[in-house]
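Asker: Reproduced below are the annotations present in TrEMBL:
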{"type": "COMPBIAS", "residues": "1-17", "note": "compositional bias 'Polar residues'"}
{"type": "COMPBIAS", "residues": "60-69", "note": "compositional bias 'Pro residues'"}
{"type": "COMPBIAS", "residues": "110-127", "note": "compositional bias 'Polar residues'"}
{"type": "COMPBIAS", "residues": "134-151", "note": "compositional bias 'Low complexity'"}
{"type": "COMPBIAS", "residues": "211-223", "note": "compositional bias 'Polar residues'"}
{"type": "DOMAIN", "residues": "357-395", "note": "domain 'Zinc finger Sec23/Sec24-type'"}
{"type": "DOMAIN", "residues": "434-677", "note": "domain 'Sec23/Sec24 trunk'"}
{"type": "DOMAIN", "residues": "683-766", "note": "domain 'Sec23/Sec24 beta-sandwich'"}
{"type": "DOMAIN", "residues": "779-878", "note": "domain 'Sec23/Sec24 helical'"}
{"type": "DOMAIN", "residues": "897-971", "note": "domain 'Gelsolin-like'"}
{"type": "REGION", "residues": "1-260", "note": "region 'Disordered'"}
Amino acid sequence: MSQQGYVATPPYSQSQPGMGLSSPYYGHYGDPSHGTSAPGIMKPSGPLGATVPGGLLPPGSLPPGPPQTGPNGAHSPQRFPGPPPVSNMAPSYTPGQPPPQSSHPSPGSTWSATQLGSQFSSMQINSYGVAMTPSSQGPSGPPSAASFQGPPRAPQPSILQPGSQTLPPPPTTLNGPGANPMSSPIHGQDGLPGPTPLNAQYKPPPPPGQTLGTGYSPQQANYGPQMAGAQLSYPGGFPGGPAQMAGPPPQHQKKLDPDSIPSPIQVIENDRATRGGQVYTTNTRGQVPPLVTTDCVIQDQGNASPRYIRCTTYCFPCSSDTAKQAQIPLAAVIKPFAAVPSNETPLYLVNHGESGPVRCNRCKAYMCPFMQFIEGGRRYQCGFCNCVNDVPPFYFQHLDHIGRRLDQYEKPELSLGSYEYVATLDYCRKNKPPNPPAFIFMIDVSYSNIKNGLVKLICEELKTVLEKLPKEEQEETSAVRVGFITYNKVLHFFNVKSNLAQAQMMVVTDVSEVFVPLLDGFLVNYQESQSVIHNLLDQIPEMFADSNENETVFAPVIQAGMEALKAAECPGKLFVFHSSLPTAEAPGKLKNRDDKKLINTDKEKILFQPQTNVYESLAKDCVANSCSVTLFLFPSQYVDVASLGLIPLLTGGTLYKYNNFQMHLDSHQFLNDLRNDIEKKIGFDAIMRVRTSTGFRATDFFGGIFMNNTTDVEMAAIDCDKAITVEFKHDDKLSEDSGALIQCAVLYTTIGGQRRLRIHNLGLNCSSQLTDLYKSCETDSLINFFAKSAFKAVLNQPLKVIREILVNQTAHMLACYRKNCASPSAASQLILPDSMKVLPVYMNCLLKNCVLLSRPEISTDERTYQRQLVMTMGVADSQLFFYPQLLPIHTLDVKSTVLPPAVRCSESRLSEEGIFLLANGLNIFLWLGVSSPPELIQGIFNVPSFAHINTDMTLLPEVGSPHSEQLRMIMSIIQEKKPYTMKLVIVKQREQREMTFRQFLVEDKGLYGGSSYVDFLCCVHKEICQLLN
């Protein structure tokens, strides 16, 4: 993030008495100076209550909290003033279960169950936002039968009809609690009863030596007294399960119907029903495309396909003041090389010969549909900077009666949103045509890799994958040259020249100053040297069979590969197969610094930072020499992914990680990843520039990129799975007439060695009305942006500050909508814009991700790995990663070829008789209920019963039964087009592994902190009410 930050301050966000919400910060992401206490957090005006024996609070006293924590790990516990004490409070974890970590007491863990029930008993989700207002309410009784009764019915995401209202409108409204007129409400400043507060729960005193946090603000909050209401039981699973509430359940209370709150599944299904299978044409500026989860055919008619660019909103506010008021980030997620399905047209290639592309003289934008031709076609006005340019003579064409060129529909650059140009020599390094790229394979031959068979596996597989090196579509063979290096604490280069009888090995022992011992014969054409290469690959495992060397180097290996590419004057990619912490004496030597004591402290960020600056400067050199690095890691213990992983991240490569690799279990996943990585569509030596029309500009870039200046995004390589997220800021006013135009240009070298320009253009609307801005939002892109900006900030800010900023901004965006766009209604209602009704559930998934919230069973390396993956994800991948797909398998129709309808990610959706599949892009879990039908178990696993299933398997057996075939087909559909091969994990109900599986049921309360969806919705509602007061 730039120092500007994206958290702006709307007029109503100033701290007011009794509000206690820290005002949003400018530049807080990426500014380490704000580690300890957030500005704007109210200090209490009175002393904190002392702890009381027995865990109960006397009336009026306030519980001390652990330092600087609050709902959702937020950093100001005093934001939600506490309610009168409830006599039957118990800790929100069962005895015998570890308490949730204090770094992130979720709103769930700070509520008593009774209060949660009463909040929801009067929280209706209705059609208009005209629900029960506190003043007009009748005597409160149990909730109406229409509200909470009976078994879950078909999900109706945003409408829970109070009484007889049944018209579903655009906005979603969740009614907050009203007061019970039978008892006198305790009034806040404005005298209006408000929602039940969140932190009613007793919290244990802080450990000795720690100071208290800033505390709860002592004045009375504006809330009504307790009402009888629906009891929300936590979906905690089996008797005594970790997530169950302690204490006897209150009598005669009905459960809250989770179908009454917005459902991501319903939103996805509705979009599929209305837009799935149709042709989506891009001829209209500012139209919102189908969701990433909807399959449709995209037809380019002047704006780039959403496969290439998706925006957080398709209507930008006209002024920066409006943008600050709404606080909706203005951003685009750009995937310049996205794969296009076979039923859509590939990009056209435009070749203007030596003249090269036609460009604006002032801003250098490329010719595109946004240019306006004038004066009979002799000149054109640039749509980006409004400069009037002469049309080059070779490009002249007459205009028709409405001012369009006669050849408009014959030229891709005048009629399409995306196309390519052949680049001239001016666009090449040293003004000469580039050489085709090279692939260098670098294998760690240390003792453990030889012993576990990994080296042999890699060598065998390379014989196969080298036959499938990528090539230009019209070419017979691949132009890619290949080279081979093995290493432990020294490096071995191989001469595989085609005229040799067998490969020659040269050893470089001085790893402090690596040089390339041979040029001729190191990088060769695979077809020509095939027999020498195969011979070498057969020899490598034997050559090092007796080696006892367990120490390895890493940075010198990358240096050697880069130097080889530099000497050959070609771009390329290193495929590095590595398995341990590089502890041998050499540049980039690392020590084990995995310190669990740093977790939940302000120093936790150190775990995400590289240990030494060697890796960053090495990555910078790699980018300068167009050397991309893809790293296959096989760690059995800590390997410092934060340091090693920096190289693939900054060079446009990919990091793959296989923990505790076992040949018979993990080779399938690894080999698939290797094959896909070698074959995928890729561009080398790339520079990307994002141009915009006047009034706004690109200010921040997130992704696997390197930037030497503020505008040029440099990538040693970029493939079809990598996305760059770009944030925009106003620098002037935008006009509703001309809209906001974006042009993304990527200059790159193809796999065949041709220099090209890939252009993507997109026109967005502009409006001075906030309503238009909210109507055009896309939640999936917003979450992609928030995840990347938060994960970037992890490097230099305390996690609790980051979590607080995210909660703050969610509340601000929704409060602004409520204040300026929703029809007037009771202050206690939560009203969500239709385009953002699942923003709270997705935001809660992000807040609970292990990067932002540590969990005891997740290693530091795993957290760093997930952080890195998300930084390069496109919208479809981040959507699945944060809200996994959960499919019931036991209800399958074996004759059907479509996926079964997904269900919500909550334990309440599982059943003991069921079998469910959960996929998140990294793993596929197959969960088996204890009473799964024996015929299904026989059909899938070829064993007689549940007890006989082997949970170690990572591949389903080929049984040949209809159920088996069906399940395998479903898994292959889910795996299709995903950047990583998902590892299959078999999970039996009530066995140890189920704990891991349950972390992915993201609508439920986390086992180690992290709110349930229901609780987070209440938390956000609470914040909004405070902002609006």
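The backbone N, Cα and C atoms fix where each Cβ goes, and this holds for glycine too.
For the listed features, I'd like the structural context: burial, neighbours, distances.
Answerer: As a whole-number mean, the pLDDT of the domain 'Zinc finger Sec23/Sec24-type' (357-395) in this prediction is 97.
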Asker: When you look at the domain 'Sec23/Sec24 trunk' (434-677) alongside the domain 'Gelsolin-like' (897-971), do they share 3+ Cβ pairs under 8 Å, ignoring any pair fewer than 6 residues apart in sequence?
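Answerer: As far as Cβ distances go (cut-off 8 Å, pairs 6 or more apart), the domain 'Gelsolin-like' (897-971) and the domain 'Sec23/Sec24 trunk' (434-677) touch.
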Asker: Check the domain 'Zinc finger Sec23/Sec24-type' (357-395) against each of 434-677, 683-766, 779-878 and return whichever range has the most CB pairs under 8 Å.
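Answerer: Between the candidates 434-677, 683-766, 779-878, the best contact partner of the domain 'Zinc finger Sec23/Sec24-type' (357-395) is 683-766.
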Asker: List the helix, strand and coil residue totals of the domain 'Sec23/Sec24 beta-sandwich' (683-766) as derived from DSSP.
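Answerer: Computed counts for the domain 'Sec23/Sec24 beta-sandwich' (683-766) are 0 helix, 54 strand, 30 coil.
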Asker: Pull the DSSP breakdown for the domain 'Gelsolin-like' (897-971) and write it out as helix, strand, coil residue counts.
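Answerer: Result for the domain 'Gelsolin-like' (897-971), in helix, strand, coil order: 24 helix, 12 strand, 39 coil.
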Asker: From the DSSP assignment alone, can you count helix, strand and coil residues within the domain 'Zinc finger Sec23/Sec24-type' (357-395)?
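Answerer: Taking each residue of the domain 'Zinc finger Sec23/Sec24-type' (357-395) in turn, the totals are 6 helix, 11 strand, 22 coil.
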